[in-house]
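Taken from Swiss-Prot, the feature motif 'Octapeptide motif' applies to 33-40. The region 'Disordered' annotation in Swiss-Prot covers 49-141, 209-295. The compositional bias 'Basic and acidic residues' annotation in Swiss-Prot covers 55-67. Among the features that Swiss-Prot reports, DNA-binding region is placed at 137-196, with the record citing sequence analysis. Among the features that Swiss-Prot reports, compositional bias 'Low complexity' is placed at 209-225, 235-244. The motif 'OAR' annotation in Swiss-Prot covers 319-332. Here Swiss-Prot flags 325-329 as motif 'Nuclear localization signal'.
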Amino acid sequence: MHLPGCPPAMADGSFSLAGHLLRSPGGSTSRLHSIEAILGFTKEDGILDTFPAERSSRGSKERDPRLGARSACPKAPAGGSESSPPAAPGLVPEFEATRPCYPKEQGEARPSPGLPVGPAAGDSKLSEEEEPPKKKHRRNRTTFTTYQLHELERAFEKSHYPDVYSREELAGKVNLPEVRVQVWFQNRRAKWRRQEKLEVSSMKLQDSPLLSFSRSPPSSALAPLGGPGSGSGPPGSALPLEPWLGPPLPGGGATALQSLPGFGPPGQGLPASYTPPPPFLNSAPLGPGLQQLGPPPAYPCAPAFGDKFSLEEAYPRNSSIAALRLKAKEHIQAIGKPWQAL
């Protein structure tokens, strides 16, 4: 036993804890008055300091099962069980003491001790995504005055596509930016195109009834023409057109020829001042029109016609349709000669 305070003993380190253990391998529990005891070092601390290799191997054995079990949280060791030695107080990070324990899934990376753990890193990304999109800047509408609109319309009448120099000159005249003038011309051209399309469509709608109306009268006008020629129409259904302008129609039935003065029953003579019209001209409205033309030069033809075909001979022949047609042709030819001379 050496007393503390002996200088030779302190110099050679005989009072170290390792030397004490070698001298007393039994590990007596009696506290010696050594330098370690005076300085406050315990026996366990001395053992830990003496065997650093054993401490590192023991700590690695306990860390390996903890890393292998990812679904369970590390629990505090029990009082009687062997636990890993406490590390130095300056090496333990503060975040490990306050970090909550969550079961880890496979493939999940463990957070590095140098970075803060928690939703702080993800919150910044979520906040950026959840922010509403910025509203598009909308330009205020330009309100044109009457003078500006008048000048712009005048320029548009001159040219629908003014060049940049004309636009700049007009912009300075109406006190507007050149960009606003350009946009106004674009809108005005679009409006002009819409108006042109509407006008074309309206003209097409108006033309369609006119075409149908213009095609219908010729088809309806064929009925009056066929009526008097065939003798089936009434005597008063004559055309309002001038009859001598059209070609003479061939003779019809016996009723049309009997209406002529020359082919009537005996006792009716031809007047000297009247020329019998063709069958399709037998209508009252056309009688005065023919009389106003003056005395026709066909007077000599009437007596010759009467001399050749007497009334007494003509009346019995009414029963013969062939004779009636022959007389009608000759009569029309005789009447057509004076009008051709005019």
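Here the Cβ of each residue, glycine as well, is placed from N, Cα and C on the backbone.
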* **Tally of DSSP helical, extended and coil residues in the motif 'Nuclear localization signal' (325-329)** => 5 helix, 0 strand, 0 coil
* To do: Please list, for the motif 'Octapeptide motif' (33-40), how many residues fall into helix, strand and coil according to DSSP.
  => 5 helix, 0 strand, 3 coil
* Structure fact -> DSSP assigns the residues of the DNA-binding region (137-196) as 43 helix, 0 strand, 17 coil
